Structure formats: C-alpha cells, structure tokens
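Below: the structure, in structure tokens.
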C-alpha cells in the first residue's frame, strides 16, 4: 500500500525531530572549541556541553517513555519538541559558560521526551506491515544523517560571520516547524492504548539517579586527567551499580504483584529475545559511535583537517546509512530478523578491523573510506531491533519500548567511548614514554592509541555478532508475529464474548479453513514473557488493529465469512 500525503507528513515530523536531536551532537563536536573561546571555557571544561546533553538524555529516557504511555505519545512528543526549541533559543543567547552548559542540558531533556514518543506514534499510526517497517527504517536513517548535517553546518556556520549562535537559532526554527506539523497531522489518540496502572515513582527515581551517576562517572573518566584514579569516578560508578541492583529488585517485586512498573524485568528472562536484542544494540553502538568518534580524531589530529573538511569526508557514511536503512525497511517484512542483523554485523566487523591497521601515512580512499561505508552495516540492527522490541512490548507500553531501546543505545555509546578512550590514552602514553624524542601530541604517538581503540571496537562488534548468531534464533518477520497475535486476540475475544452473553454462542463458529492457519504451519515463534502482561503465552507482539467491542467484532467476523445464512436477532434459534 502506497504512502498517503498524511503518512509522509507524519513521518517527516518524526524523522525531522530525531534528525535535530543528533544534529545538535554533530554541531557541538565541531563548534565547542570556538564556543569555548567566546564564552571563556576552561580547557578541561570543553567536553562538558556534549557530556551534560548526553547525560540528561540518557537518564530520562525511561521516565519519559513511561510518561508517554500514561498521558499519550502525541502530547509528550509535542511537549518535548517545544521544550527543545525554547532552550535552543536560550542557548543561542547564552552569555557565559555556566548558562550555556545548563541550557544544553535542558535541550537533552527535550530530546529524552520526544525520542521514545516517536516509537509510540509509529506504533499507533502505522499498522504492522510494510509501512511500519519503512517508517522504522526512515527513523534509523535520520539519526546518522542528523549527526553529519550537524558536523557540516556546524563547521560552516562556526567559520562564517553568522557565528556558532546561528546553529541554535536554526535548530529552534526547525523545532517549532516540526512541532506545528505534528500538532496538525498526528491523529487524536485512542485512550484505550494508554498504560492504566500509573507511574512507579520510586522506580523512576532509582532508574534516573542510577543512570545519571553511571553516565556521569563514565564520561568524567575520560574528561579528567586522572581518569579512574580521580576519587569521584569510582565512587559514583560504584553507587550507580548498587542503585541499579536495587532498582532491578524493586521492579521485579512490583511486577510479581501485578503493580505498575517503570520497566518490566521479565524482558531479561531466558525465553525472551528482547534482552538479547538490547545487548546486540549495546555492543553494536559501542563500536559504531566510538569508531566514528575516532575517525574524527584521525582527520583532525593526524591529517590536520579543519572541521568543514572533516565533515565533508563523512558524507559517504550518510549516503551508506540512508541506503542501508531503506533496504532494511523493505526487507524486514520478508526476511528473518536474525539473518538481517547477522549480515549487518558481519559487514560491520570489517570497519574496526581496517581501522586497527591504520598508519600515519594513510590515504582516505584506501583506508578511511571503506571504514565509513562498512561501519553502516551495524546500522541494520537499529530498525530491525527497534521494530522487534516495540512489537514485543504491550500495546500500552510502546513509548517505554522506545525508551528502553534508546537507553541500551546510549549506554553502549557512553561505555564504548570511555573504555576505548582509556585504552587509547594508555597505549599512546606507553609509546610516548618509549620514544621521548617525540611530542606526546604527534601523529606517531597518537596513532598506536587509535589503533588500540579500533581493536576494542572490533571486540565489541564480535560480541554483538556472537549474541546475534547464538541468541536470536527464532526471530521471524514481524508480520508473522502480528498474524499470530491477531489469531490469539480473536480466540480471547470469543471466550470473553461467550462469558458475557449466552446468546453469542451462535457467533462462535470457526473461521473458514482458507482464513486460518493449521497449528503445524504456524511460525516457530519462541514464547516471550510479556512486558507487563503475564497472561500472554506466545510472543508479546503488541500493535494490532483497534477493536470496537468484543461481541460486535466476533459477530461481524463470522457474519462476514460464514457460508450459512445470517440469523436475525429476533428469530428463534
């Protein structure tokens, strides 16, 4: 079925906002040195704008994900987008270092609000099938595109008379444009899709604080010169782990009692594929983002390119990511999800392997170009994994599904950057000590550390590949999950209708053989424990067509497909 004009506008608003969220990250990467000079940043504070934005984003994803399930994804999406736009304007006029950092953090809050809501809107608006698959593919392509647009435009504007402040004015303008577009084209929400158990405030507090401490300690370990020897780093890291453990036990206890939970811990049960998909995402994005970061360092510190020339060299990554996500969106309905993810990860392993073999005399076309093309293979896991996680969460928890998926993504990025940067620094320091005649910042000293970072990325993507090969067996095209879910829903509705009224017995005829699938032909889908719904025994594939009333739907279904003449309501049976 072709996309209508409204479908395209909905997709434009969703992808546009997600592009803006990553646009900010790319623009900050090239603009922070200039911003630091204008606002008087200390040298060791230059990483804070990027770090606080990522911190606010990561620690609030779960909270806003569940909030969207309770109050509606449209409301939360629009609120987050407007909030992002307002603080973009504030950032553009920031007079000093402190205000700039605070405003950038508040932009991260807006991103955390609208990102999981994007998943909820896709699930609510696009029915299971080709359209939804393509929507997830487009959303996956929007993120790397946004980052590269940020790099390019940030480099151009920072070096022009417009200055870095124009970056945030442009960002604000597009935020309000997408806000208005979303307010017009997003449909009115169905209240029956909302999470009715309320918010688990203690769970929200534990998750937010533990994720904030974890992200901060990981980021600070690379920002401070002492690294993990700085007393606050291991202290906050240890406290965050303890709080995470407490949060897990709290959520398991509430889930067992049937009470509201922020995140159902049943996603980690042995029979569930969701936890394994999230691990693939964690290690996959460890490799993807870390390698892109170190490619930036190679361009600027080894080849001594300016920000604009650096951004131009990333264009192949944007083109490759777009093509791969479009193709993946078309294939998701027909090809086993495990096959898609494994093929992408096999392709992606070539990128860190080539990067680990770089030398000072490298050439772009021979070495870095294939790195930027092959790394996009990992991006296949984004739409496939996102769609699978969303499809296996309850219909009233689609925003939470988006939050959980993006938390795995963000934790992988933070952990990957911290570990790889620590390894690179240690290797370069050791090389410098053995070659005292070389400057610590010379390409000859930096390159061994960069190669070591490449090997850590290679290890991460191999772990993701092993999990995908041995842990994701049985993942099938989502259309088959939806079909099985529809059959189970019809059976449940027939049973409920029979209990409500004895007169509905006459409607409970079996569907014709040409409309049903024999048990032996059902797809081999391994049971998943429900994300907040313990009575479901097959997969947790959620989004199904909206139903009117149980008895009416069953009656209409059988009346339409039955070969027997219909019986008037007043006739004796």
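Cβ atoms here come from the backbone N, Cα and C positions, even for glycine.
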- Message: Of the ranges 403-427, 478-502, which one does TrEMBL flag as transmembrane segment?
- Response: 403-427
- Between the ranges 8-30, 100-122, TrEMBL assigns transmembrane segment to 100-122
- In the predicted model, what is the mean pLDDT computed over the domain 'Major facilitator superfamily (MFS) profile' (1-476)? 90
- Query: Mind checking which residues reach the transmembrane segment (339-358)? Cβ under 8 Å, same chain, six or more beyond either end.
  - Reply: 280, 284, 287-288, 291, 294-295, 298, 324, 328, 331-332, 367-368, 370-372, 374-381, 384-385, 447, 450-452, 454-455, 457-458, 460-462, 464-465, 468-469, 472
- Query: Do at least three C-beta pairs under 8 angstroms join the transmembrane segment (168-186) to the transmembrane segment (311-332), pairs 6 or more apart in sequence?
  - Reply: no
- Query: Among the recorded stretches 45-63, 75-94, 134-156, 198-218, 277-299, which has the greatest number of Cβ pairs closer than 8 Å to the transmembrane segment (311-332)?
  - Reply: 134-156
- Message: Counting Cβ pairs closer than 8 Å, which of 45-63, 75-94, 277-299 has the most of them with the transmembrane segment (198-218)?
- Response: 45-63
